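**Q** I am attaching a structure below and will ask some questions about it afterwards.
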Amino acid sequence: SVFTCLIPNAYSIQGDIGISGGKIVGIGKAGNPDVMEGVTPNLIAGTNTEVIAGEKLIITAGAIDAHVHYICPQQWQEAIASGTTTMIGGGTGPSAGTNATTCTPSPFYMRHMLAATDSIPINFLFTGKGNDASPAALEEIVQAGAAGLKLHEDWGSTPAAIKNCLDVGDKYDVQVNIHTDTLNESGFVESTIAAFGGRTIHTYHTEGAGGGHAPDIIVVCEQENVLPSSTNPTRPFAVNTVSEHHDMLMVCHHLDKSIPEDCAFADSRIRQETIAAEDVLHDLGAIAMISSDSQAMGRVGEVVSRTWRTASKMRELRGPLANDGDEDGKDNARVKRYVSKYTVNPAITHGISHLVGQVKEGCLADLVLWRPENFGAKPEMVLKSGVIAWAQMGDANASIPTVQPVYSRPMWGSQPGSAALNSVAFVSKVSITSGAIQTYGLSKRPEAVLGCRSIRKKDMKWNNSTPKMSVDPETYAVHADGVLADVPPALTLPLTRAYNVF
């Protein structure tokens with residue numbers, strides 16, 4: 001049969017990409033076998049095939065932001081314009097709870113948030129509140145559609161809450177995410193690791209500036225069952241990183257600068273030594289993911305750009321990754337390491353890699369096309385299930401599409417009717433099998449998350465290192481496998497203002 005969309009000759013793919021029914025059906029040689037040799041059997045082009053020119057462009061899978069506070073609906077526009085096509089997190093709007101924690105509490109809010117995002121061209125996944133010493137409330141929110149649970153110190157990330165949440169996660173095969181106890185009120189990092197009991201867990205902002213056991217939450221990177229991620233305000237360590245974090249923290253966590261204890265709490269979280277170490281651990285592949293922490297100490301439209309700023313800084317400081325086969329002029333291993341941090345690894349972590357996070361047969365055609373000179377900063381085109389949802393576009397009243405001003409604009413695939421067809425709602429399997437989701441009247445197709453509880457650090461692509469970690473409690477110096485993990489703050493970074501002068 002003839003496929004519906006062809007993207008030929010992109011730089012990063014060895015072959016043409018064929019799309020049909022919203023999914024990638026083949027990567028190879030497309031064409032008409034009656035007049036061409038070597039055409040891939042499922043890439044037969046015909047009258048009903050659309051063509052998107054991939055020549056001189058780079059194609060990647062759409063980014064997956066695995067740490068989103070759903071504070072305002074305008075976030076999705078910033079996200080998709082930067083290349084993000086899947087958002088994972090929780091919240092209900094600009095409430096104190098959502099400003100601080102990525103949790104959508106109660107079946108009432110779960111239904112409303114699924115309905116509110118039903119016409120948005122983003123794949124959404126909602127996490128329920130995971131802090132409770134008994135399972136009933138957690139089971140209720142998972143049964144209502146939550147495809148993950150979030151433990152947050154603002155609700156009390158105690159060992160009892162951690163164990164209970166992991167029990168529910170195991171029962172329903174949903175991922176558990178955690179923001180650990182900065183103040184060490186209910187135990188130290190060793191207590192939290194013991195509470196994990198060797199079970200799989202996704203640790204948010206694993207360096208600690210975004211929250212977590214002070215000063216040594218970063219040591220969880222050595223654990224085989226921990227899937228660590230960063231949030232983007234610390235990516236990478238630069239001259240202004242520390243100073244801007246104090247104000248962000250006071251606002252997001254409902255703190256008061258006139259209260260000494262609140263100021264001390266903020267100071268305990270912001271440590272330049274561990275932020276510098278975070279740069280090194282990303283380059284070693286010991287931290288597997290990068291996400292935003294949108295409007296809650298992070299920027300939803302900068303997941304991709306800050307990932308590549310980190311890669312650029314570390315390339316300058318550490319040179320090629322010689323142990324992984326890189327050399328001057330050839331940085332393929334580092335490229336794979338960093339692109340995986342916002343595509344396939346969050347997809348694997350949250351049980352959605354069978355549909356997103358990869359340019360692979362069977363996956364949704366959620367693809368981002370980039371001009372090489374703008375890679376990482378400004379997508380040329382964003383596809384949702386093969387439909388153009390966002391693109392660089394000129395004056396709509398012009399005679400050709402390239403008349404200035406050319407800037408990022410919504411396309412047909414972003415319109416509500418199309419968005420409901422080209423995007424999915426990721427939910428728990430139990431919410432589908434029980435029929436709960438079907439009662440919500442959604443237009444989007446619900447898709448169950450799969451295999452969340454059997455993942456280990458070794459499953460993280462290009463980012464499965466588990467170095468032996470230590471943090472000096474007095475100086476905050478971080479060592480990985482006995483080597484000091486430290487770099488200076490960057491004075492300048494790529495992919496910043498100059499890339500956004502339209």
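Glycine is treated like the rest: Cβ placed from N, Cα and C.
TrEMBL does not curate its annotations; it predicts them automatically.
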**Q** From the candidates H205, H213, give the one listed by TrEMBL for the same Ni(2+) 2 site as K150, H179.
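**A** Among the candidates, TrEMBL records only H205 at this Ni(2+) 2 site.
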**Q** Of the candidates D279, D283, D293, D324, which does TrEMBL annotate as part of the Ni(2+) 1 site that also includes H67, H69, K150?
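**A** TrEMBL names D293 for this Ni(2+) 1 site.
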**Q** For D293 (Ni(2+) 1 binding site), identify the closest of the recorded positions H152, H179, H205, H253, judging by Cα separation.
**A** H205
**Q** List the same-chain residues at least 6 positions away in sequence whose Cβ sits under 8 Å from the Cβ of H205 (Ni(2+) 2 binding site), in sequence order, or say none.
**A** H67, H179, G211, G212, S229, S230, T231, T234, D293
**Q** What is the number of other Cβ atoms found within 10 Å of the Cβ of H67 (Ni(2+) 1 binding site)?
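**A** The answer is 32 other Cβ atoms.
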**Q** To what whole number does the mean pLDDT across the domain 'Urease' (62-502) round?
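**A** In the predicted model, the domain 'Urease' (62-502) has a mean pLDDT of 96.
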**Q** Ten-angstrom check, please: count other Cβ atoms within 10 Å of the Cβ of K150 (Ni(2+) 1 binding site), all chains counted.
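**A** I get 29 for this one.
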